[in-house]
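Taken straight from TrEMBL:
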{"type": "TRANSMEM", "residues": "16-34", "note": "transmembrane segment"}
{"type": "TRANSMEM", "residues": "86-108", "note": "transmembrane segment"}
{"type": "TRANSMEM", "residues": "114-135", "note": "transmembrane segment"}
{"type": "TRANSMEM", "residues": "147-167", "note": "transmembrane segment"}
{"type": "TRANSMEM", "residues": "173-197", "note": "transmembrane segment"}
{"type": "TRANSMEM", "residues": "218-234", "note": "transmembrane segment"}
{"type": "TRANSMEM", "residues": "254-276", "note": "transmembrane segment"}
{"type": "TRANSMEM", "residues": "327-351", "note": "transmembrane segment"}
{"type": "TRANSMEM", "residues": "363-380", "note": "transmembrane segment"}
{"type": "TRANSMEM", "residues": "386-406", "note": "transmembrane segment"}
{"type": "TRANSMEM", "residues": "418-437", "note": "transmembrane segment"}
{"type": "TRANSMEM", "residues": "443-465", "note": "transmembrane segment"}
Amino acid sequence: MHLMGNASVIIKNTTVLLAAQFVNMLLSFLYIAYTARYLETDGFGVINVALSVTTILGVIVDLGINSYITREVSRDKALVNKFVTNILVLKLALAIIFFLALLAYVLITGTSWQTSLVVCIFGFSTVFLAITAIFNSIFQAFEKIEYQSVGSVLGNLLLILGALFAINQNFDVVGYSMVYFTSNLIVVFYCLAVYSLKFARFSLRIDPGFIRSTLKETVPFALGMFYGTIYYYAGSVMLSLMKGDSELGIFSAAYRLFLFILFIPQVFSMSLFPAMSRFFVTSADHLNMAFFKYLKYMAMVGIPMAIGGTLLADNIILFVFKEGYVQSIIVLQIIIWAALFIFLSSAYGCLFMSTNRQKTTTNIAGVCMLVYLALNIILIDRFSYVGLAWSTMIAEFVSMALYFILSYRIGYGLSREILVDLIKVAIASLIMGAFVILVKSFYVFAVIAAAIVLYTAILYILGCIDKDDIALVKSIITTKIPMIRKALRG
């Protein structure tokens, strides 16, 4: 495919995802705020321990197959139905093992009946998410991201509407968790309908040999996913077991905001991964350009976000969660830096995965998982939720450092041009930070908006935003409305 054609598709996908994620941001923001305030720290802790446990054990159902599906189908579209049919059967079979593992967790930890029931409800939701992920992988492989975007908006819209209904009806934490169950089930039916109408009809041809070979190929993906899941959720389970659900509720308020902003690298990764996988086969120059643009944009967003988030953490926490979560402020000030390291690592992770170096990403994730768990054992016991925040930040820094070092060995070291851009980003971010300190007493979102405008202007003055970046923004603006309309039409 011609370079401009590739750029057009990437722009379309990124634009649609960003538009959808902007809506999702608003809906998720409201959902988190209402949930935390309504359930308070104890109930919010129960919800989050259920989410953490089912997400960790959910690797049993998912096995990291989704990235493999996207990579392989993007290279050979004829495989689409074979993958969908066989992987769906495989995931349903693995769901049995998943529920046995959930039962073992409940029995071993001796959780209350209420928490056990919430864990079970979230378990079914996890299976629904695993099925949805199959279809989203196909949408990504065909670079029809608009279908995935509509599904994600639908799910979040149902989530906030369900939450408002649950609050109005004064549901307890068990009833509240059914909102999550229902919204995910409806999204599964949406994905089934889109796939059947727009892509292919299901066949009942099950190929055991294909399933076995797929399992063998996805072992590195599964391990990488397991390690990544441990990063994000094992700490919550450990904090709950060691310090209680109330302490977890305090941590989770800031942590959910942390997870909330990770949509940005996820959007870029989903948009660029299929194209970068093709570039690895067709054009080394295009691959190199895509990687460095990815890294530059992650730095341009991540560095000011970390500085601004540290300075405005108190304003943000008190605005979203009110005074009952004042202890969450220090957690946000620490883990916002973990988000920066994840932003930068995502560019390297996409590069390594698209160039068939998933074993390297798995090894990096494994090392960092061990660092993370060791730090949790030491720091949670002594510093509770603050210790967990520090271990999260340190582990993500180790991950970024390892990616940075290993990238040089495969010929993707930082060029002088990108180093200069990073210095300019740092300068602009520091100036923005000084501005935030001066005006932080004003309305928090007005401060954020003004800081973004100032930061962007400084980047432009310093020459960090070049003509290619401006052309890209113009392309996004001119394609945004048509793409959204297309997505809504399905």
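Heads up, the Cβ atoms here are built off N, Cα and C, so glycines get one too.
Between the transmembrane segment (386-406) and the transmembrane segment (418-437) there are fewer than 3 Cβ pairs closer than 8 Å, counting only pairs 6 or more residues apart in sequence, which means the two stretches are not in contact. Within its own chain, the transmembrane segment (418-437) has Cβ neighbours under 8 Å at 292, 295-296, 299-300, 303-304, 307-308, 311-312, 447, 450-451, 454-455, 458-459, 462-464, counting only residues six or more beyond its boundaries. Contact between the transmembrane segment (114-135) and the transmembrane segment (218-234) does not hold: fewer than three of their C-beta pairs are under 8 Å, each pair 6 or more apart in sequence. Ranking 86-108, 147-167, 218-234, 327-351 by CB pairs under 8 A with the transmembrane segment (363-380) puts 218-234 at the top. Three or more CB pairs closer than 8 A are found between the transmembrane segment (173-197) and the transmembrane segment (147-167), so contact between the two stretches is assigned (pairs 6 or more residues apart). For the transmembrane segment (327-351), the residues of the chain that approach it from at least six positions outside its boundaries are 250-251, 253-255, 257-258, 261-262, 264-266, 268-269, 272-273, 276, 287, 291, 294-295, 298-299, 301-303, 305-306, 309-310, 313-314, 316-318, 321, 361, 385-386, 388-390, 392-393, 395-397, 399-400, 403-404, 407, 412, judged by C-beta separation under 8 angstroms.
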